């Protein structure tokens, strides 16, 4: 990639239909893990106008009121009025869970290469990434796209912008100079609103567009990056019908929003609703943990990790490091350090990151990475010092 370029990432709010589905799936997972952390869960959700469908595979000793969990999640997001197209009190919730396949379970319970270790729950490849563009070691476009829709939800819920409704999308186009973030070229923010938003905004002595720019965008984005920035606020002019009424929502359909905004490859596996024996989730978290510690250690300014697994096999097929020429030691040497300092077998990941806990509902909106939440163990940089010492730095 050239040193001077534009790069864009997007995010969506907790009220986006796909994110509603993700949050319900992870709330189901948390409710199960609260009672039985050894459960096997693959909880999928569909949302549409006035309807929620819960399906997938669950093997557990927990007794969970799945319908109530779904309703509570919809209420927390803010869909509490029939005018919004889905309402936590009146929506239909259909439940259609099966148990995990015995064929899958036997491979996961007993790894073929080492019976003492848990095998991977499926084959697949996962990526982790970190870079020095932000203090959180995330790419700047996705980091700030998340913060925009997060603030939209905050101002909606606390009543400062009462005309806002739950569904929203953001997009940040960053200008890079010499390979580093220089300024923000364009911000797109589309937010659902009440039918009378123009009148309501006028009462606030600001136009709708000005209110969004001044109250949501400018408090979030670094002032020094707002040089001749273009703002596109609700470019279609109207966004009243939204959420599951506007589009059918499905679990796992925002995988780029959930990760790095397109800054690195994605293996294709979604996260929400999956227990950590599913390496789609746990290994992607571990790969972020590895990449972040490498950058925090000063071994590279940016780092991409790929791991791959076979179903029922504990040890990864490969652990590949790519630093795009920013490493202070060769990539193959960094990869060797990874193998020495991180246990990337599924059971090792679960223990290393303490993943058998009800911590997942919080991950399901505003990004799984780059958030300094105490539950997000994959964001720790506790191995950076050891990596730096082992590299002789």
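Just so you know, glycine gets a Cβ as well, placed from its N, Cα and C.
Within the set 89-99, 100-110, 111-121, the record from Swiss-Prot flags 100-110 under the feature region 'Flexible loop'.
Annotation for the binding-site residues 254, 274: lowest Cβ count within 10 Å of the residue's own Cβ, 254.
For residue 18 (Mg(2+) binding site), the spatially nearest entry among the binding-site residues 44, 254, 278 is 254, judged by CA separation.
Residue 247 (ATP binding site) and residue 278 (L-methionine binding site) have their C-alpha atoms 28 Å apart, to the nearest angstrom. Comparing the Cα of residue 100 (L-methionine binding site) with the Cα of every entry in 16, 238, 274, these being the binding-site residues, the smallest distance points to 274.
Residue 168 (ATP binding site) counts 30 other C-beta atoms within 10 Å of its own C-beta, drawing on all protein chains shown.
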